[in-house]
Amino acid sequence: MPAKEIAFHQPAREAILRGVQTLAEAVAVTLGPKGRNVVIEKSYGAPTITKDGVTVAKEIELESKFENMGAQMVKEVASQTSDKAGDGTTTATVLARSIYEEGLKLVAAGHNPMDLKRGIDRAVEVVVAHLKSLSTPTKGKDDIAQVGTISANGDTTIGNIIAEAMEKVGKEGVITVEEAKGLETTLDVVEGMQFDRGYSSPYFVTNPDRMEAALEDPYVLVTEKKITAMADLVPVLEQVARSGKPLLIIAEEVEGEALATLVVNKLRGTLHVCAVKAPGFGDRRKEMLKDIATLTGGTVVAEELGIKLEQLGLKDLGRAKRITVDKDNTTIVDGEGKKADIEARIKVIRGQIEESTSEYDREKLQERLAKLVGGVAVINVGAATETEMKEKKARVEDALHATRAAVEEGIVPGGGVAYLRSLADLQKLDVGQGDQRFGVQIVVKALEWPARRIAENAGWDGPVVVNKILEGKGAFGFNAATDTFEDLTKAGVIDPTKVSRTALQNAASVASLLLTTEAMVADKPKKKAAAGGGAGAGMGGGMDDMDY
């Protein structure tokens with residue numbers, strides 16, 4: 001085990017402070033509508049230009065190991081806030097820095113760090129309760145567009161596209177962000193359930209121009225087994241042929257004699273049919289097939305349930321208004337499953353999402369939920385250069401997370417005003433005469449910083465702006481985009497409650513932990529081995545100028 005370097009007491013905390021200040025300052029320059037960009041060098045390709053706090057934080061690594069520990073802890077604040085709320089990373093970083101700086105002064109003056117931590121925790125509880133009381137639900141498309149615009153650094157196009165996407169696919173719908181081929185940022189919406197499996201044979205195509213099979217008012221046969229023998233299918237095919245309706249077969253595989261017979265019947269016009277491979281793999285495939293069966297009102301044909309293909313009747317098949325199949329995707333629109341069954345299935349999936357510990361599983365469950373509930377929207381981000389594309393795509397993703405947070409917990413006035421309005425509640429908080437009251441004062445000072453920093457980044461005097469906001473009431477605050485004092489809610493300067501809450505909770509949690517730190521342990525830097533004896537002594541002087 002390598003030797004360790006250990007720092008104690010005040011020197012340890014001061015090293016943490018230097019790391020916290022370095023990272024926080026790099027991130028804080030991006031705060032607000034007039035925040036500046038940060039250019040980040042990449043080991044290959046063009047540098048990244050960003051105004052996203054968490055992107056800046058993730059790139060920072062300091063040379064001093066003790067200072068780096070402080071920076072990494074604040075980086076954790078930004079990452080956690082981004083993961084939980086999708087935005088507010090810069091605010092969280094500014095709050096964490098202020099709480100730690102103010103707390104450190106008090107610890108140096110001899111106050112008890114544990115009592116300070118308790119005071120900070122009590123104050124945060126009061127502020128969170130105030131934010132919830134201040135919160136109002138989003139009222140339709142305009143509120144969502146405003147939240148998206150602010151999170152996308154004032155880009156109204158992004159805000160409007162996200163609002164439109166949410167309106168079309170609903171709160172539970174999946175909205176994905178992809179890179180467009182052109183310069184325009186556009187929205188594509190897929191109605192109904194779509195899965196990434198196309199037709200088993202191009203002979204099933206009904207529209208040669210678009211190379212897709214369109215089935216109007218079809219029956220849907222769902223099975224998790226492989227179909228190779230035609231004999232299994234004959235009874236159900238005869239019933240479907242008599243009904244005159246098209247048929248979509250979703251199976252693990254349709255091959256051999258069965259596929260050949262289906263193709264021949266399709267070409268002769270005897271049967272309007274299309275076969276596709278079942279989506280997913282393993283257990284996920286079984287669940288997706290159950291989703292399709294529930295949506296269309298059919299039954300999954302599974303040997304373990306004692307259901308066989310040859311025993312199927314029309315009542316066991318699903319129905320849909322329209323199904324389109326191309327070489328890559330199948331889309332089922334208006335499945336005719338019972339509403340109660342679909343809602344029960346949705347409830348089961350929601351329960352699984354809450355219990356899931358895996359990010360990947362949760363994402364897949366969320367996709368399944370969206371497909372059952374009503375659709376998928378794709379925002380195609382367009383830009384002139386790759387650098388601009390990356391920056392714009394990151395802003396769209398941030399804005400998307402922020403709008404979801406707004407829909408979930410509502411909105412509060414932006415610009416740091418919601419925090420300032422909670423100061424009155426903190427002044428009434430009684431924690432006795434001990435050091436806890438100083439912990440409350442730490443939070444009081446920290447809550448002024450988001451509004452102060454937004455004003456400073458816009459070229460105003462921060463403390464003067466904060467005092468003027470405190471003289472007002474309700475949503476009255478400083479709109480840095482227009483350099484005016486006004487009702488921020490009416491001006492569309494709003495923040496998701498979840499973002500404001502999460503930023504404060506994460507900042508206070510990490511900063512108060514750092515305050516109670518008394519020792520730091522890090523690996524000692526290894527001494528670089530001295531250059532070899534005289535190995536290069538006889539070489540020509542020109543070697544000295546070479547780069548290694």
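Residue 1 is the first one shown; counting continues down the chain.
Cβ coordinates are placed from backbone N, Cα and C, and glycine is handled just like the others.
Small disclaimer: the values here were computed from a predicted structure and weren't measured.
Going by Swiss-Prot, these are the annotated features:
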type	residues	note
BINDING	30-33, Lys51, 87-91, Gly415, 479-481, Asp495	ATP binding site
Exercise for the section: Tell me the Cβ neighbour count for Lys51 (ATP binding site), meaning other Cβ atoms within 10 Å of its Cβ, over all protein chains shown. Expected result: 22
Completion exercise
For the binding-site residues listed (Thr30, Thr90), most other Cβ atoms within 10 Å of the Cβ sits at Thr90
Fill in the blank from the handout: Mapped onto three states, the DSSP assignment of Ala480 (ATP binding site) reads coil
Completion exercise
Top of the binding-site residues Gly32, Gly88, Gly415 by count of other CB atoms within 10 A is Gly88
Handout entry: Neighbourhood of Ala480 (ATP binding site), C-beta criterion under 8 angstroms, separation at least six
Key = Gly32, Pro33, Lys34, Gly415, Ile454, Ala455, Asn457, Ala458, Trp460
Exercise for the section: Please work out the number of neighbouring Cβ atoms within 10 Å of the Cβ of Asp495 (ATP binding site), leaving out its own Cβ. Expected result: 31
Practice task
Let me know the DSSP-derived helix, strand or coil state of Asp495 (ATP binding site), please.
Solution key: strand
